[in-house]
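Comments concern the structure below.
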């Protein structure tokens, strides 16, 4: 990116100059000069074109850097501040709000000049803020009229407001046209796209007035009135900027949209081939007649449902009940709109799956009719389509927004930097003037200005010599300093030159005349005044306000009062007081959460008294703080204001509780006390700040979103409201909740679409509108525009706010502790002191007993004697192999030097010397550690940091100072630990002996567990340990254990509900279970013996193995109390985590993120608690209803059964839904369903229908209860759940930074693959395929290698794709035959293409990957064509033919090679594959474990809701199908509902397998949190990271494709792959390259400038050419030499046999030689011509003409006249 220079700007009124006749004349003069320059300018020399400055674009606010606009110049024409417009006939106008407007200086409408009074008046009106506010108010009032149902009225009186609005809009347009001109000139009315919108609005508004009744249908035209809401965007400048960002993000979405449409098309074609006509299969009663296929009464229905049973006839499908058979019908599900019978419907179904809207319903329908094996199709669509492509959209929008912000910020920062540097230069000029003898007192205004400390620091931090005094001795004396500064900042030099030209300061030598002195003084004075004004503007309040505050709001009365204040201030600011208040808040929150339905009176009284007590505490806290801090200081902090509001509201609630029931809402506001926790909880504080910052920054975006929602709501109401309303056309007695009959319901439908649910409403709309495609267009448009663009930008801003908040709150990686944390630190220090004292007391005796003997000094690890700390060679090697390096940050381990040991070991004193060894106790606890250097006898140059438990503030004891070894120690290491780790890791050999069994204290007691000496009596035990150690470290042992883990996990699959009916399998599984348990037990014992208990139980992975073995052992017992442990055997697959490196890497990354995730989870719980308490207050006891059957949604009319008592009297059933708001626990579950948009409609319906406690609900009796859920979805769901994404991405990015940018989800082997994918420019020149010698082959070769041939084949592929799309179910046989024939034709064409390519390219055909792919596709297409003839036979199942058909779709994938943008995105996916594979493995493991638990717990659950014959927990396959569905949070409410019923609803007489509902809730909620919120978000984090990497590479001026094309074209000019081409061919080669490497002809002059080296024979090497062309594209930069070295290194790796020739000449030198030769030739020609003329003078002879080449030495013929050109 080229560097851009900005003029130095001073915040001064002189920046603003009125636009006058002189200004216009100056512009015209500049335009004339510019035209003359263009005529005379050399075409070869290209100058960079200037661009408009982003911060000075029209509609933006003028940056404060330019100073305040003079009042007399507001709304007046000014000279443009942007240098880009200096040669444009334009001027700018600023209003009071500093908004920039630009106008053309030419005549508007060819009449009104820029100084015409009428036009000037219109300009002042158009830019005035009152005019904008008037138009905005008009638009708002007009929108209210449009939203009102009465506006549909056709009476004449209803048209009066419409005429008024039209008149206002026309008047606005006239004013703007008179001010700007119409269309001809720059910045005229129609040159602004926003005015196009106004023009269309006016045109569509006027048309009905003039046309009247001449046009039959004006309703569509009237619908365009809704576009008037967009006028608000054209009026409000900030909205234009936001919409501009939206449009730019849409431009960047092109590649993603193309890839998405392409993938959707592929998926749709696959679905069409696999499932065409399959969804019409239903169970038909056997006793129906011949018309059963079209008679719905003959279809078998599901239990308690109106849905028909969908079935299939092959293995894995759902079978029909007795008395019915499975056959195709003429009906498809969902009003016939869900099917794969044609490409259009198939595309819609795949779009539905990709957006995850009710996709589980389609998933279940397909699996019931086609078989469970087609689950893999949905796995691909969900993971590739939904997770990858939709999140690419998020990534693109985020990057577009950040790029725009970055560009604007860069320009502003550059100008501010120049301004600061100019300030510094002027300061130095002042010093220089003083040095030259100018009176210092005249310059003290700058010194006396009231700068802030920050600015004083800035102005006093540097002392550089003046750049203006170029001729002075001072400047010459400091030339080196100036050169250094100039070299560091060449841009500053350039700006200094401009500054010296622009500013009235001209000091070029020591002898300055008085005029120059005066000018210098004036420059300094301007700067001084400016800075003083800035300082004044930053003062918080007016002086009068400050005096008033100090007089009345600062209470300093008498000395006793001051003493009381001081005491209270000490108490109230103490951390313990804050801790006490925090405890009160927590207890108060618990009290609030204890409220529930049907509370007994005693609990009510306790809660009431508790409320009074806490209200009193908070009031007392507020009063005491006001006294201690004074009101002035108390109310300056936002949290104190919030505390006072909460306290006063609580007091009002207590006082007015009995006075008026109308003020009962005050009780709900008590829940705001929970927010007081944010003061002592940084994460909650961060979340609140993020929401606050986002809402503030998103003000404009929120308006845009509101406008979009309003427009679509009104459009839906106008287009569909007449039919798609409350009344259902199919069943008039039932009422519809979601419709567009009025604005409120239309708004709710649009909001529901923005939440992601659009398909069901669209079906109902199409049903009511008789299949109108307009419903599809409008609903999909809302989904795409609203959901994918606006909400994604919302998410981008939220994540950006999160990252900014993290940076602002933690600038240096250090967190500031809250007062509560300080109080807890006091407790921890006290506890630590007591524990330390107790430890020292208990260890004295141990230290005396275990003091080492002198002869054991060489045997101990690092020496235990107080007299010496010398290490022998063996002990150092042991130390090397066992020591773990630690960083200096929080003692976090970097990496162990050996896998076998993590800690230091010794058996010495508890308080061992830090010079001898680190203490284990210090490593086990987070104690302050001191680092010491430990020298190595083998390598004296290496210094190691050893951690000591010694307090860093203490000094080494004098006895230790006497030691010789201690004298060698330094306070800390100067070597980088990472370098030590890398060096030592290469030299340290793996440990081959076991460690001590126990920690040092126990090892001293159990002598057998110490390191055994050769002559020890325990040598046999030692040898046994060494043998066990070698066994467990052997690779075969690990492989065997992995095999056993897989077998034991596989055995769990068969323990399903069918096991009792298979006694032989049950007996075999019991036997194998015992074997596996004994194997794991034996493995554990072997590891105990080999590693010792200390090593084993200090590893988290070993602890996991230990617990699983214990659970397996307990499961073998027959004790009834321990039988429940048998279910925990499902944890056995977790052992795979410690064995598989890929999953281990992901788990380690996840474990490091768990603290942050748990923190956010707790914040979400607290945040949701507020909504839970509000929900309990609003809806507790109101969800019950009186029913007469089993369907809870079919209840009696409230007029017949008004309440619960009447229901029970009438012997009906009073039923409460399982998910309700009766208590906080149930409310959490309800809100989780609302937040995941699963089951939320039933919850909202119950809330909206609620009337009162224990009262029968009525349809939409509480209609505005919807708003509670809307607010929760915005704040509780959107902000908090997306916070998970932000936290996970941010946490993983931090981990990557710690690892030096390496991917944390990949193993070392996978990183090699990743790096191989990322290599750039490493391709070597390959020898092109030689042209055959045979004429026939050569002709075919030229044909297949031509670009025309590729274009024809591409066209055939597209044609084939279109024909495949045209196929449909139920098409006539004649059409089917035509399609079959066309398919055979295409198979023949592609087969012929393959054969002729093989014929032309010979064996080289198979060296290209794409050719191999084409060949495979052709072979499969031939097979599918041959097999399709057997389709009507019953030999093979129909599914086989459907799968074989897919081979035809493979042809379409060949389109990928032609689309570069798609290849970039697929390249990002390929880069993500290793990480995604590891995350997928972890997700599969989680699903596997939960499937086993589900089989154990829920196998006997009664069928109903989401549990049926296929989707259940009876078998492992059914469990996995259910869990895959829940991975996207889809339909988990339907699976949970049957399990929330009582045990009476179990599917078996045995109640053992029926669990409590609480277990089901924990099971599903925990799985959703682990899979949906964490693992899937890890997937998203990886995709975003790799997309950013791929995009950065693709956005570089040169990418991988450019290098590939360079070498491809090089191959044509270098057919023998010599790596050289002739200099004469360079011009053609450079012209043949595509942009940006292309150097178009004529290019000889540019080659001379490149100075290319040439070798013998005028040849150029490919690397020299490539580097020269690269330099031309990227420009000269500091990193170019590094890049050249990297490119050469990569080239040498790819070309080990590179021919190295010493360049003998360069293109520049060659040109010089040629010029010299030409000069010599011309001189020699002239000389010879003179000589010949002299010889021939006076002789007469016949004239002969000889054409010579300049070499006339051989010419000796008389009588010749020579003509030399």
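We count from 1, first residue shown onward.
Placed from the backbone N, Cα and C atoms, the Cβ positions cover glycine too.
According to Swiss-Prot, the repeat 'I' annotation covers 115-406, on the basis of a curator's inference.
Among the features that Swiss-Prot reports, transmembrane segment is placed at 127-148 (among others).
Here Swiss-Prot flags 160-179 (among others) as transmembrane segment, drawing on similarity to another entry.
For 240-255 (among others), the entry in Swiss-Prot reads topological domain 'Cytoplasmic'.
Sequence-distant contacts of the transmembrane segment (256-269) (same chain, six or more residues past either end, CB-CB distance under 8 Å): 343, 346-347, 349-351, 353-354, 381, 384-385, 389, 392-393, 396, 1361, 1364-1365, 1449, 1452-1453, 1455, 1459, 1461-1462, 1465-1466. The transmembrane segment feature in Swiss-Prot is assigned to 256-269 (among others); the stated evidence is similarity to another entry.
The annotation intramembrane segment is assigned in Swiss-Prot to 343-367 (among others).
Residues or ranges marked as topological domain 'Extracellular' by Swiss-Prot on the basis of a curator's inference: 368-374 (among others). Counting residue by residue with DSSP, the topological domain 'Extracellular' (368-374) contains 6 helix, 0 strand, 1 coil.
As annotated by Swiss-Prot, transmembrane segment applies to 571-594 (among others).
Feature annotation from Swiss-Prot assigns topological domain 'Extracellular' to 595-605 (among others). Only residues 6 or more beyond the boundaries of the topological domain 'Extracellular' (595-605), in the same chain, are considered here, and those with a CB under 8 A from a CB of the stretch are 1173, 1176-1177, 1180-1181, 1222-1224, 1253.
Annotation comment: Swiss-Prot describes 606-629 (among others) as transmembrane segment.
Annotation source Swiss-Prot lists topological domain 'Cytoplasmic' at 630-637 (among others), citing a curator's inference. This prediction places the mean pLDDT of the topological domain 'Cytoplasmic' (630-637) at 80.
Here Swiss-Prot flags 685-699 (among others) as topological domain 'Cytoplasmic', drawing on a curator's inference.
Marked as transmembrane segment by Swiss-Prot: 700-722 (among others).
Taking Cβ pairs closer than 8 Å, the topological domain 'Extracellular' (723-742) reaches residues 149, 713, 716-717, 748-749, 752, 761, 764-765, 767-769, 1245, 1248, 1259-1260 in its own chain, all 6 or more past its ends. Per Swiss-Prot, the feature topological domain 'Extracellular' maps to 723-742 (among others).
Annotated intramembrane segment per Swiss-Prot: 743-763 (among others), in sequence order, evidence recorded as similarity to another entry.
Summarising the annotation, Swiss-Prot assigns transmembrane segment to 774-799 (among others).
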Stretch-level contact, the transmembrane segment (1560-1584) and the transmembrane segment (160-179), CB cutoff 8 A, at least 3 pairs: no
Recorded stretches the transmembrane segment (1160-1181) and the transmembrane segment (1263-1289) touching, at least 3 CB pairs under 8 Å: yes
Per Cβ pairs under 8 Å, the stretch of 160-179, 571-594, 1479-1501 packing most closely against the transmembrane segment (127-148): 160-179
Candidate ranges 160-179, 606-629, 1263-1289, 1343-1366 - greatest C-beta contact count to the transmembrane segment (571-594) (under 8 angstroms): 606-629
Other parts of the chain folded back onto the topological domain 'Extracellular' (368-374), taken as Cβ under 8 Å at six or more residues beyond its ends: 274-275, 278-279, 281, 310-312, 314-318, 1439, 1510, 1517, 1521
Contacting positions for the intramembrane segment (343-367) when only residues 6+ beyond its ends and CB under 8 Å are counted: 260, 264-265, 267-269, 271-272, 275, 278-279, 310, 317, 333, 337, 374-375, 377-378, 381-382, 385-386, 389-390, 756-760, 776, 780, 783, 787, 1364-1368, 1510-1511, 1521, 1525, 1528, 1530-1531
Cβ-Cβ under 8 Å with the intramembrane segment (743-763): same-chain residues at least 6 beyond its ends: 147-149, 334-335, 337, 352, 355-358, 709-710, 712-714, 716-717, 721, 726, 775-776, 779-780, 782-783, 786-787, 791, 1237, 1263, 1266, 1270, 1273
Intrachain neighbours beyond the topological domain 'Cytoplasmic' (1402-1407), with Cβ under 8 angstroms and 6 or more residues off its ends: 1329, 1332, 1415
Positions whose Cβ lies under 8 angstroms from the intramembrane segment (1516-1538), at least six residues beyond its ends: 356, 358-361, 363, 367, 372, 375, 378-379, 382, 386, 1053-1054, 1056, 1218-1219, 1233, 1236-1239, 1483, 1487-1488, 1490-1492, 1494-1495, 1501-1507, 1510, 1545, 1560-1561, 1564, 1567-1568, 1571-1572, 1576
Cβ contacts under 8 Å made by the topological domain 'Extracellular' (1502-1515) with residues that lie 6+ beyond its boundaries: 303-304, 318-319, 364, 367-368, 372, 1056-1058, 1491, 1494-1495, 1521-1522, 1525, 1531, 1533-1535, 1537-1538, 1541, 1545-1547
Structural state census, the topological domain 'Cytoplasmic' (1402-1407) (DSSP three-state): 6 helix, 0 strand, 0 coil
Beyond the flanks of the topological domain 'Extracellular' (1367-1377) by 6 or more, those residues with Cβ under 8 Å of it: 272, 276-277, 339-343
